[in-house]
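Before any comments, here is the structure.
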Amino acid sequence: MSARRRRRAAAEEEEEEEEEEEKAAAGSDKEVDLEERLGELDLRSDSDIPDVPPPTDSTPEILKRALSGLSARWKNWWIRGILTLAMISVFFLIIYLGSFMLMLLVLSIQVKCYHEIITIGYRVYHSYDLPWFRSLSWYFLLCVNYFFYGETVADYFATFVQRREQLQFLIRYHRFISFALYLTGFCMFVLSLVKKHYRLQFYMFAWTHVTLLITVTQSHLVIQNLFEGMIWFLVPISSVICNDITAYIFGFFFGRTPLIKLSPKKTWEGFIGGFFSTVVFGFIFSYFLAQHQYFVCPVEYNSETNRFVTECEPSELFQMKKYSLPPLLQAVLGWETVNMYPFQMHSIALSTFASLIGPFGGFFASGFKRAFKIKDFADTIPGHGGIMDRFDCQYLMATFVHVYITSFIRGPNPSKLLKQLLILQPEQQLSVYKTLKSHLVEKGILQPSPRG
């Protein structure tokens, strides 16, 4: 019996092993089938995307003739260089014209970037002839801008608004009006749904909203940074521009090692060279800007003169201080102390982000363009592509600067609080006054008023 039982147990073990092998084989077959189905799905989705017409060459004829004897590589280098200098010159001219012109520039760039991204969607799916797509896209852009800029007006121009009765209603019910406008567009979208194109229409609805998130909300943060002081606007933007230029130059002359597959032309040499160049540039550029009230004072609106003003007593960030150097730097430089503005230390953090993390905005844009088989977002700027091609890193930078200011810099603003108190009703102001006076008496800062 024992031998028979052993044979039966051995047979059962063999059957169990065979069943496990069959299950494993079936599982592997399922995995293979799943991979094949996913691969077919990827191929099908790529083949369903119509080819986008390549952008036309918008290079001025005078440049084409002047550079006709050069190779394509050097011709592109000169075109990019000349147009870069032209854009930088225009940028400095707008800075000279003041904060209001900078705000208009940000708004113009926002609209153009939005137009370029939406146009890609329209070109890719133009054959479906979706109803109301373009109209609804621009309507949602107006709605979102109305909301964000209305919030800015109510926040920074409260005194001005309080003096205009026709604006008080719009400001008081601003969020309700904004929501009603968005609901109107939402209902229009639902009414525009067409049979057999539901999935595509919802895809484009999401496309529009993601584009709004990327462009409008980020440009609003840029303006918020500008109101903190023009230096918080100029240093981050200039750092991204500097990193873009120096990384291109280092990569052009010394680039050998590929950095990332999404951007084959990006190299480690360009990435590292751009990093060190940008940190040095940000440190020096901040030193010059920190010396002038025009750049360091918060931008405020003077309701009496109807102008933006940048006059103030500079904060501690922009007052020269003496710092002791670490022993290692003392040995290298031969200096024990150095005079610098505290903001220059913050500029190192801003420049580092612009050099190490900022380029990922460009990598993201490269992935987007590869997904839709396009070289550039548009052909607005010869040698550079579209506006979005030049500002893909700026939006990521704007978010970081806003978070950095709110986390490490911004404190209570007495001027802003006073403006809010001035628009209260007299009885509300009196209540605030009594509460504040009682608090100061308890702290021993004020003497209690004599009674009787």
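Cβ coordinates are placed from backbone N, Cα and C, and glycine is handled just like the others.
Annotated features, as they stand in TrEMBL:
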COMPBIAS  12-22  compositional bias 'Acidic residues'
REGION    1-33  region 'Disordered'
TRANSMEM  77-97  transmembrane segment
TRANSMEM  132-149  transmembrane segment
TRANSMEM  169-191  transmembrane segment
TRANSMEM  203-223  transmembrane segment
TRANSMEM  229-255  transmembrane segment
TRANSMEM  267-290  transmembrane segment
TRANSMEM  343-365  transmembrane segment
Inset, instruction - Mind checking which residues of the chain, 6+ beyond the ends of the transmembrane segment (229-255), have their Cβ under 8 Å from one of its Cβ atoms? - result: 77, 80, 84, 88, 95, 99, 102, 222, 265-275, 277-278, 281-282, 285-286, 289-290, 294-299, 310, 318, 343, 347, 350-351, 354-355, 358-359, 362, 390, 393-394, 397-398, 400-401, 405
Legend entry - Contact check, the transmembrane segment (203-223) vs the transmembrane segment (343-365), 3+ Cβ pairs under 8 Å, seq sep 6+: no
Inset, instruction - Could you tell me whether the transmembrane segment (343-365) and the transmembrane segment (267-290) are in contact, taking contact to mean 3+ Cβ pairs under 8 Å with a sequence separation of 6 or more? - result: yes
Legend entry - the transmembrane segment (169-191) versus listed stretches 77-97, 132-149, 343-365: most Cβ pairs under 8 Å: 132-149
